[in-house]
Amino acid sequence: MTALDTRPERPETRLSKPRLPQWAPLLVLAVAAALGALAWLIGANTALSVLVAVVAYLVVMPVWSGVVESRRAAIDRLATGLVWSAFLVALVPLVWLIVTVVSNGISTINPEFLTYDMRGVLGNEQGGLYHALIGTLLITGLAALISVPVGILAAVYLVEYGAKSRMARILTFLVDVMTGIPSIVAGLFALSLFVLIFGPAVRLGFGGSVALSLLMIPTVVRSTEEMLRLVPDDLREASYALGVPKWRTILKVVVPTCVGGIVTGVVLAISRVIGETAPLLVVAGFTSSVNMNPFDGRMMTLPVFIYTQYTASTAQGLSYAWGGALVLIVIVMALNIVARIIGKIFAPKTGR
Amino acid sequence: MTSTATRPDPRPEAEPDAKPPLALGDRVFKALSVGSGALIMVALAGVFIFLALEGYPGLSVDEDFYNPATTFLGYAGPLLFGTVLAAVIALVIAVPFAIGIALFISHYAPRRLAVPVAYLIDLLAAVPSVVFGLWGGRELAQHIGGASVWLEEHLGFIPLFAGPAAKSGSTMLTAAVVLAIMILPITTAICREVFAQTPRLHEEAALALGATRWEMIRTAVFPYARSGMVSAVMLGLGRALGETMAVAMILSASPVVTLNIISGQSPATIASNIASNYKEASPDGQAVLIATGLVLFAFTFGVNFLARYLAGRGQRRMAR
Amino acid sequence: MAKSIDVSDLDIYYGSFKAVEGVNMTIRARAVTAFIGPSGCGKSTFLRSLNRMHEVIPGARVEGKVVVDGQSLYDPSVDPVAVRRQIGMVFQRPNPFPTMSIYDNVLAGNRLNSKRMKKSEADTIVEKSLKGANLWNEVKDRLGKPGMGLSGGQQQRLCIARAIAVEPQVLLMDEPCSALDPISTSAIEDLIHELKSDYTIVIVTHNMQQAARVSDDTGFFNLKATGEPGHLVEFNATKKMFSSPDESSTEAYISGRFG
């Protein structure tokens, strides 16, 4: 760029350029909020008022910046504003959903609701979701029983034995693809399998477990694999050098080192599938009474309970649906929190 | 040129005991883990095989089962259309937010905020789909119904909003919004990961050239993350295509092909159609539904395959 | 219990890449043998081939013979796991098992091989090994604490204690002091002096002064040229090596006239 040299003066060399004060975004935010409030006062609904405030901020901030600072700074401020609003808007459904479920569900929850089933419940008699709770626990428990050993062993294969072999690469890829299997397809698979064995009208809880396993295994494999890879090779070598065979090294040194992470992954995987509805609807069916035997007959689960009560479209059914949703969310969140706590407890030791 | 210095040395006592190269424990454990890996492959193949076995008769059953169409294609066509329409609209809504939130977590949020925000978004993924359906059908639908009326009045010239608006909100638009919320976490999580992996050096290079934060993101972060973002979007698409309950609980479906997303007449998706019709299905009807399930599986498999392939290719490119 | 090692015509490969070529030497029992040489010349690779640790890396293999006490290590009937029980190893970076206490770390070799032992027997082994590693006095009051809580030098001595707890014939050390400070280094060097009355010790070091201080014999490895495999240039008594080596390139390396 020879042109540069001919320029008499280069204003860019000045270091201090006009800048908006640090409190500028806050001021604009306040103004935008005020505009939103004004819109609300003259009759707009809440959503619209929030929209007004957001748009106001996104317009005023860049314009002000463009006038005082520069075009580039204005674009930067616009991007910042957009990113922040994306985050804030995304919080809306989460909060909204939780508030709705809690406020609608809390009135339904009582000891009877949790300990009664729906057998022979007519009209406004008190029923409950006990049968669904039992079903969910049994089916998910069985699914975990299948997926955890298979998933962990497959991850061990990928990390410890497969290394870069062809089969390992294919398996990694298939596991990745498998995480995207629609849950209803998993249900149809389990159904097809059991229909081939037992005939067309078959519905049983164990089928649900098979379907859930199909959804759960890839998550377990991925999280376990990740954890195993975090274990430094130093430790494996130290163990080999003591003359310890490979399988004992894996069981006694590698797995214990990352057991916290593995358990966290398993618990999170359980929390993912415990809320699955579609496959259970298809293969486990629904019933109104307690069935303790997952290998015989229909079995109710919590998500399916919510769905059937919802489709019943009665006031009673709807309140049961909300109550069931609250129970389900509490279970899922509890599992999530348990997973984080386990992760925390084991984290420092595996740290380094 | 190797010089050797050998020294005489007395060789004392016992021999190390000779053992077979792989001990029993090792062989058993290796067999178990290889077997588990193989089992997963077999299971995936099984999905294809069993769906094909049970679904094949569904391609040619009595015409009544395809009502109002007369062939399987005529039956599955509108469903596939509905599936893709819902998923694409959901993507259009979700992707900008996902990228925004991912950037927020990786580059904009104060440290103290980034971790809890990431956790909150993951929490959204933990909400069961049936609860999303309940909330979408009972709570969100009313508000979207209201908004639909406004959309019809003011934007009615766009085919998407042609109306007549369904006040109940049991529409494609509501379903798509809920789907968007449901695919937000996975799309965000993957974008966040690839954004965070941008080499610090690239970012600092951009900043050192006097770039603003946004310019740094455009010149250093986005080019690096492009293939990761594409695969995040594809994975979100895969999720949206297969999501069942939320759609089944929101949509009042009819076998039509229309772009109109705010009217009470919207096509069902394959998944939601299976869920809503499963109860009353006879063996033949069941076969038809399984056949549509196979179509869905093949379709999502393709999308996911492509997503992973693109992601893998991107990683290899970056590794170089 | 110490043994000597005879190496003849040893070639070491990583896949198709030949890393070390044509090594012949005899490592004496109850003596310290040091390997020196520039980085990447294959001395660590060679060391790892002495207890079949290099096989841990996929694609790595060996041609030639390593004979310990009349037994060829690479005979098809030989279990690498058994070899490693006889020939212990200490690594560059201290690597105690993070999930285990100091006590359990020392016993790891015995425990992991599922050897049943009485508490008193275990206590004896722990005390003996830790004393052997000059660590006993520093840790005897906190044997139940995690091994990761020790300083770097202590961790390395813990790893040595762990290695000698299984009573190997030979102790291989791969730059055991490179991650340590000078004081810890001198503690480990003192320890090597003491251990040599019971063990055959082979040590790789990048530090020539260290080789001169601790070893009886020294082997000098070098690359013929970049991209070529490493080879053993000279193997001699340490005293001779550092005063009047047979090879001119050894002298050049030792006196520092070398890249």
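Using the three backbone atoms N, Cα and C, a Cβ is placed for every residue, glycine included.
As annotated by TrEMBL, region 'Disordered' applies to B:1-20.
The compositional bias 'Basic and acidic residues' feature in TrEMBL is assigned to B:8-18.
Taken from TrEMBL, the feature transmembrane segment covers B:28-52 (among others). Long-range contacts of the transmembrane segment (B:28-52) within the same chain, counting only residues at least 6 positions beyond its ends with a Cβ under 8 Å from a Cβ of the stretch, are 22, 290, 293-294, 297.
What TrEMBL lists as transmembrane segment is B:72-105 (among others). A Cβ distance under 8 Å defines the sequence-distant neighbours of the transmembrane segment (B:72-105), meaning residues of its chain 6+ beyond its ends; these are 58-60, 65-66, 114, 117-118, 121, 172-173, 175-177, 179-184, 187-189, 191-192, 195, 217, 221, 229, 232-233, 236-237, 240-241, 247, 253, 255-257, 259, 261, 266-271, 273, 288, 291-292, 295-296, 299.
With a cut-off of 8 Å between Cβ atoms, the residues of this chain six or more beyond the transmembrane segment (B:117-135) that come close are 101, 104-105, 109, 178, 181-182, 184-186, 188-189, 192, 243-250. Per TrEMBL, transmembrane segment is recorded for B:117-135 (among others).
Sequence annotations record features per position, and here TrEMBL assigns transmembrane segment to B:172-191 (among others). Distant neighbours of the transmembrane segment (B:172-191): 82, 85-87, 89-91, 93-95, 97-99, 101-103, 105, 118, 121-122, 124-125, 129, 132-133, 135-137, 140-141, 144-145, 148, 225, 228-229, 231-233, 235-237, 239-240, 243, 246-247, 250-251, 260-262, 266-267, 269; these residues of the same chain sit at least 6 beyond its ends, with a Cβ under 8 Å from one of its Cβ atoms.
Residues 68-69, 75, 77-79, 81-82, 85-86, 89, 129-130, 132-134, 136-137, 141, 148, 151-152, 159-163, 165-166, 168, 170-176, 178-179, 182, 268-269, 271-276 of the same chain sit 6 or more residues outside the transmembrane segment (B:244-262) yet have a Cβ under 8 Å from a Cβ within it. If you look up TrEMBL, you'll see B:244-262 (among others) marked as transmembrane segment.
When Cβ-Cβ distances below 8 Å are used as the criterion, the transmembrane segment (B:287-311) is approached by residues 47-48, 51-52, 54-59, 61, 65-66, 72, 75-76, 79-80, 83, 227-228, 230-231, 233-235, 237-238, 241-242, 270-271, 273-274, 277-278, 281 of the same chain, each at least six residues removed from its ends. Residues or ranges marked as transmembrane segment by TrEMBL: B:287-311 (among others).
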